[in-house]
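Enquirer: Checked Swiss-Prot, it gives:
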- 16-36: transmembrane segment (TRANSMEM)
- 90-110: transmembrane segment (TRANSMEM)
- 126-146: transmembrane segment (TRANSMEM)
- 170-190: transmembrane segment (TRANSMEM)
- 197-217: transmembrane segment (TRANSMEM)
- 249-269: transmembrane segment (TRANSMEM)
- 290-310: transmembrane segment (TRANSMEM)
- 329-349: transmembrane segment (TRANSMEM)
């Protein structure tokens with residue numbers, strides 16, 4: 001899609017200018033929808049948790065509270081960013097940007113449809129997402145150190161140890177997907193699940209599906225893995241000294257990563273943009289008019305609801321329990337399942353291994 005735009009611009013502009021304009025439009029096309037979705041995901045979270053606690057949630061700004069995210073954004077932008085006197089001022093400001101940039105950059109390879117709606121359809125898409133998403137921990141560590149606060153530093157140490165621990169399990173879960181799909185291209189992984197719900201990878205990789213999603217909860221510091229910002233223990237964790245828009249940027253990064261994990265889970269395990277009724281007589285023709293991106297967004301919405309549901313349901317783990325779950329449960333399970341998938345690959349278990 002963007003290649004055609006670049007070719008058209010090159011017909012009456014300098015080549016370098018056409019490339020520059022195309023790259024800027026690609027960045028805007030990726031960043032703007034993500035930021036808009038993040039804004040209203042915060043509203044959805046407050047509404048969902050409110051209903052689970054038998055209350056209304058935000059309902060004052062706009063009809064049904066729909067304009068609450070705009071009010072929150074205005075409030076964050078008009079607040080002062082207070083920089084602690086003894087902090088490292090430059091790193092203190094840079095840290096939120098370092099946390100947000102990887103969460104946004106990872107979206108460059110996420111496909112949204114079978115028609116090539118993707119900013120960069122590279123062959124090593126899975127490796128790119130895993131590598132870029134892991135960089136976000138640097139922003140968290142730097143924020144804790146630069147704040148010159150013991151609470152912030154403790155939260156940063158917790159977050160870094162937690163992310164490193166669960167990235168191993170997440171990486172092994174991705175290895176099993178690559179063994180089944182035989183490609184690291186995200187579009188190719190989705191196309192390998194064509195043929196109906198029984199061809200999706202969640203069936204042969206069911207333990208990996210749960211491991212990946214649980215690791216995603218831990219990676220994003222979401223409940224019940226939110227010890228890095230445990231209010232009852234270390235006030236607010238690594239961003240305890242932040243205020244205003246600098247504080248909001250950390251939340252943008254967290255929610256952008258939530259959406260990214262949901263998209264990756266839907267793409268790798270739940271058939272991406274393919275209909276769950278594909279191959280089912282009667283139902284396939286009834287739902288054939290629904291575009292592929294609608295199915296993808298529906299799956300992502302369900303996974304995001306699980307993020308919100310878990311926050312409202314489960315109590316926070318202790319730090320030692322989180323480490324034990326990552327190192328003594330999830331990693332051994334993933335290693336065992338790598339061997340199981342290898343056996344299924346050897347015997348060509350149909351329909352996933354052909």
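We number each residue from 1, going along the chain as drawn.
Heads up, the Cβ atoms here are built off N, Cα and C, so glycines get one too.
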Enquirer: Any chance the transmembrane segment (126-146) and the transmembrane segment (329-349) have 3 or more Cβ pairs under 8 A, given the pairs are 6 or more apart in sequence?
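Expert: Judged by the Cβ rule, the two regions do not touch, with the required three close pairs absent.
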Enquirer: Which of 197-217, 249-269, 290-310, 329-349 has the most Cβ pairs closer than 8 Å to the transmembrane segment (16-36)?
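Expert: Looking at each of 197-217, 249-269, 290-310, 329-349 in turn, the most contacts to the transmembrane segment (16-36) are made by 249-269.
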Enquirer: Which residues of the same chain, at least 6 past either end of the transmembrane segment (329-349), have a Cβ under 8 Å from a Cβ in it?
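Expert: Distant Cβ neighbours of the transmembrane segment (329-349) are 166, 168-169, 172-173, 175-176, 179-180, 204-205, 207-208, 211, 214-215.
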Enquirer: Tally Cβ pairs under 8 Å between the transmembrane segment (197-217) and each listed stretch (90-110, 249-269, 290-310), then give the stretch with the top tally.
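Expert: Per the Cβ count, the answer is 249-269.
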Enquirer: Would you mind listing the long-range same-chain contacts of the transmembrane segment (290-310), meaning Cβ under 8 Å and 6+ residues beyond its ends?
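Expert: Counting only partners 6 or more residues beyond its ends, the transmembrane segment (290-310) has Cβ contacts under 8 Å with 41, 44-45, 48-49, 52, 112-114, 117, 213, 217, 220, 222-224, 258-259, 261-263, 265-267, 270-276.
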